[in-house]
Amino acid sequence: MARRRSQRVCASGPSMLNSARGAPELLRGTATNAEVSAAAAGATGSEELPPGDRGCRNGGGRGPAATTSSTGVAVGAEHGEDSLSRKPDPEPGRMDHHQPGTGRYQVLLNEEDNSESSAIEQPPTSNPAPQIVQAASSAPALETDSSPPPYSSITVEVPTTSDTEVYGEFYPVPPPYSVATSLPTYDEAEKAKAAAMAAAAAETSQRIQEEECPPRDDFSDADQLRVGNDGIFMLAFFMAFIFNWLGFCLSFCITNTIAGRYGAICGFGLSLIKWILIVRFSDYFTGYFNGQYWLWWIFLVLGLLLFFRGFVNYLKVRNMSESMAAAHRTRYFFLL
């Protein structure tokens with residue numbers, strides 16, 4: 001039985017060697033199975049070596065042939081592994097599920113990193129765990145580079161006193177909560193409402209007065225109607241008194257002061273009284289006014305009224321101007 005097993009091993013050795021050398025593109029699983037079967041056959045042959053060795057030696061060197069065949073099987077398995085390891089991968093990105101743990105791996109890094117976008121091929125090693133750890137540690141490093149800076153590195157600008165003053169000027173500080181939420185009583189609310197209505201009414205009346213009599217800022221003091229002085233009053237008075245109605249028109253139209261106009265009125269009234277007396281006591285007009293005394297009295301009273309009106313109004317205006325000397329740009333209008 002032992003001789004038959006050794007012959008079977010010797011016969012199967014060359015066939016296994018030829019199959020291992022002739023099929024280098026077989027999968028890793030076939031090479032591994034051949035290696036395992038060769039090891040099992042070698043172990044069986046080594047256990048029964050003493051009787052088999054004698055048989056092989058007696059049979060013309062069958063024992064060395066079996067040893068050579070087992071060695072050839074091991075060499076063929078190694079060549080098969082090398083050929084499989086050197087075979088190019090048609091698809092680098094796809095991993096073959098039939099390959100064992102000693103195959104090739106492709107580590108995919110962060111796609112956002114343009115500098116490391118190409119695939120990195122790692123050689124087959126027995127311990128790929130440190131490389132995976134290194135790749136995993138490089139990925140968080142890239143993520144931490146894009147993270148925001150810590151809060152301690154951010155500098156906060158403290159507003160200065162000038163900025164605070166400017167902010168307080170444009171944005172006043174609101175009152176405290178106790179003051180803002182405290183409601184006034186009914187009497188206080190009514191008083192505040194009455195005061196607001198009075199202020200609004202005063203403002204409305206002042207606005208209406210300004211609209212009705214707008215101030216004329218385009219006039220200067222020389223163009224305004226001023227009071228005048230006593231000299232202008234006497235000049236206009238004598239012009240109207242001497243030249244009668246012609247002097248009255250000239251003095252009233254030329255002068256632009258209250259004194260000149262009231263002086264012209266006063267002089268014209270006195271001139272009218274003068275001519276009434278002349279006509280009454282003259283011998284030239286005895287035939288015209290002897291029976292018409294009422295007409296004389298009418299002109300005499302009219303002259304007296306004009307004289308006293310001009311003189312009295314001028315005195316009132318002068319006294320008023322002296323009492324209101326502090327008022328600036330005041331205008332006086334008096335009707336004749």
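Using the three backbone atoms N, Cα and C, a Cβ is placed for every residue, glycine included.
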Feature phosphotyrosine, as given in Swiss-Prot - residue among Tyr177, Tyr186: Tyr177
Segment assigned the feature motif 'PPxY motif 2' in Swiss-Prot (from 158-161, 174-177, 210-213, 254-257): 174-177
In Swiss-Prot, Glu190 and Arg280 sharing a membrane side: yes
Tally of residues which DSSP labels helix, strand or coil - the motif 'PPxY motif 2' (174-177): 1 helix, 0 strand, 3 coil
Assigned element (helix, strand, coil) containing Tyr186 (site 'Not phosphorylated by SRC'), judged by DSSP: helix
Separation of alpha carbons, Tyr177 (phosphotyrosine) and Tyr171 (phosphotyrosine) (Å): 17
Conformational class of Tyr171 (phosphotyrosine) under the three-state DSSP mapping: coil
Across the motif 'PPxY motif 1' (148-151), average pLDDT on the 0 to 100 scale: 66
